[in-house]
Amino acid sequence: MKTSIAFALAFTALALLAVAPLILPEYWTGVLLGMTGYVTLATAWALFSGPTRYVSLATVAFFGVGAYTVAVLNEVLPYPLVLLCAAGIGMIMALVVGLSTLRLAGVYFVIFTFGLAELVRQTVSWWEVNVTYTMGRYVFLPFEGHHIYWQLLALAAITFLIAWAIGRSRIGLALKALGDDETVAAHAGIDVTRIKLFLFVVSSTIITLVGAIQAPRWTYIEPSIVFNPTVSFMTLIMALLGGAMRLWGPLVGAVPLFLLFEWLSGRFPDHFSIILGALFILIVFVMPNGVLAKIDDLRKGRQS
Amino acid sequence: MKNFLSGAMRAPRHLATCAVAALAITGSATGLAAQDREAVTIGYAISKSGPNAGGADMTVTPNYELWIEEVNAAGGLKMPDGTRLPIEAIAYDDRSSTEDVVRAIERLATQDKVDLILPPWGTGFNLAIAPLMAKFGYPHLAGAAVTDKASDFVERWESSFWFMGGSHDYVSAFTEILVAEREAGRINDKISMVSVADGFGIDLVKAARPSFEEAGFDIVYDKTFPPETSDFATIVSEASNSEADTFVAFTYPPHSFGLTKQAKVASFNPEIFYLGVGAGFPVYPNIAGGSVEGVMSLGGIDPNNELNSAYRAKHEEIIGRAPDYWGSVLIYASLQMLEQAIERVGLDKEAITAEISTGTFATVLGEETRLENNQLRAINWVGQWQDGAFVAVSPEGSEGLAAVQLPKPNWD
């Protein structure tokens, strides 16, 4: 019963969000678009990094690959096929990366993923410079802001569905064990590496698709534009702020942060980096488990 | 089918637009009719932070500030009826992110409802906003954007104007000089060439390869390096072993500065030393320790052009530093054209676009500046440091262009 009410609520919210661009002025569609992009990124990121506690800075590696796939293929293939290709490439890349690195743990994994983003960017640059002799690529697709927004919204809905389904499945149960203690989980007969790999691939594929869907908005693409490390940091900080262990956590983090940054860029255009850094520190010290967990704690504290 | 769909989508939006417009008018003063207006709002989004901030702060932002200050000091923008309206500027930071620059333009156009929008810095950023500028009907004076596709873009986006030319223009003007020098027997037919793996470097090197080869030159060394490179010892030593009399580097400021220093250290002094962006910055002689005579790059000015000298003096007075010798003057000229177009036709965006496209203007580039096919072509393509100034040059020299002086003297 409770689940069906939650679903009805989520569906109503989704429907309202879908008609929003018809009512709102264009700027707000743009804001919703950027926000939905980050909500999807943060939720997909938390899908893997939440339960496994592997902090990944590779978000922009997959995001950028998605955008580049669209830039390369948009004049060759029909758009839906381009998206499929992007998803496929993201999936294969995640498989290769996952198989070779998911046995790393802790800080080694963080460093590796940060390096991965740089590696992919340099590889794409090298390829473009030495093989195709083109640096910038053009994406001329007839999409306006609201078309891109609707696609992102659909992807966000799918991401939430996947995250919800995983949470209720056997894998979800295994994940809980894995998150508490990996060694114990392994001894209890859980194939730890396979589960981590599965999550990494799902999460990375979604991130790749976000990049692919957003690409037509920029018309012109080059590595320095799509492999911008800020995307990785923003995703991370949003998921951590809301709480990476909960389904709605990344959403709770992404929405206010995105609006805050948007407001800051208008009011205090010169202080963005300082505020980003301060927020990082604040989150780590004050609420390492996110806003939602903090609220729970406060509530419990009052009751007892 | 497509028409039906877009029609169906538009219908509810019209209603919505009306409602929003009503709200906007009650909520803000920007919806007032023209005769009641007290100011002209001009918005722009520029990279104040991130990797593009340096370029934007050299070539674009100071000229916007200079122009706005000058116009407001004179009482404002002159309208066709002779009245003057001051400029109110709205500036956003795009944080060197294309998603942010796109959203900032949407914000300026639909939220702030500014009268005019000035473009951001960089080829990629100008292309990112071009579809929106065309959609909202704003004249798009793309200043800091080098592209060979300008002729295609003016058809795709009819209100777009391109002020900085394309790679082929810069390369072919330089090739002419190379051919003349070779015929005079001052250089051999070998060229060593490096480029930075970035949009700018690759675009130019792609144009340079066929241009040099068609002119009968042999590119004996051709290397592309990543933008993060800071040690140029290997490049300089390989280039100096290549026996080429001509060294060409399509680079950004950090590389141009680094290559200069390394060339001095290694006493690498080819007959022709040509660098990319940065060699035309006023700060370059300081970085090179004074000995910049003969160094070549893109751009250049005519030191005898009094309009330009007055502009440089004014820039130094108001901004506190000199403008660069390439893009700045082009950006400033585009603003002057905008100002004069408004004086002739008022603030109607379509009329301004038409006027800029067909009119003749008095700018810092000359008394009669006009665009060809919505592109500025009166650009100085090759410059050279001569007697402490970075002057525009051609093989023989002509009106406004000095004769190139080669070979380059020794560093010291």
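Start at 1 and count along the chain as shown; that gives each residue its number.
Any Cβ shown, glycine's included, is placed from N, Cα and C.
Note that TrEMBL annotation is computational and uncurated.
The stretch that TrEMBL tags with transmembrane segment, taken from the ranges A:172-190, A:248-266, is A:248-266. Contact between the transmembrane segment (A:106-127) and the transmembrane segment (A:272-292) is absent: fewer than three CB pairs lie under 8 Å, with pairs separated by 6 or more positions in sequence. Under 8 Å from some Cβ of the transmembrane segment (A:147-166) lie the Cβ atoms of residues 10, 14, 17-18, 21, 29, 32-33, 36-37, 39-40, 43-44, 46-47, 172, 175, 199, 202, 206, 209-210, 213-214, 216-217, 247, all in the same chain and six or more residues away from its ends.
The stretch from A:79-99, A:197-215, A:221-241 that makes the most Cβ contacts under 8 Å with the transmembrane segment (A:272-292) is A:221-241. In this chain, the transmembrane segment (A:55-73) touches the transmembrane segment (A:197-215); three or more CB pairs sit within less than 8 A of each other, excluding pairs fewer than 6 residues apart. Among the stretches A:31-48, A:55-73, A:248-266, the one making the largest number of Cβ pairs under 8 Å with the transmembrane segment (A:221-241) is A:55-73. With a threshold of 8 Å between CB atoms, the same-chain residues lying at least 6 positions outside the transmembrane segment (A:55-73) that come near it are 41, 45, 48-49, 81-83, 85-86, 89-90, 93-94, 97, 109-110, 113-114, 116-117, 119-121, 124, 137-139, 141, 204-205, 207-216, 218, 221, 223, 226-233, 235-236.
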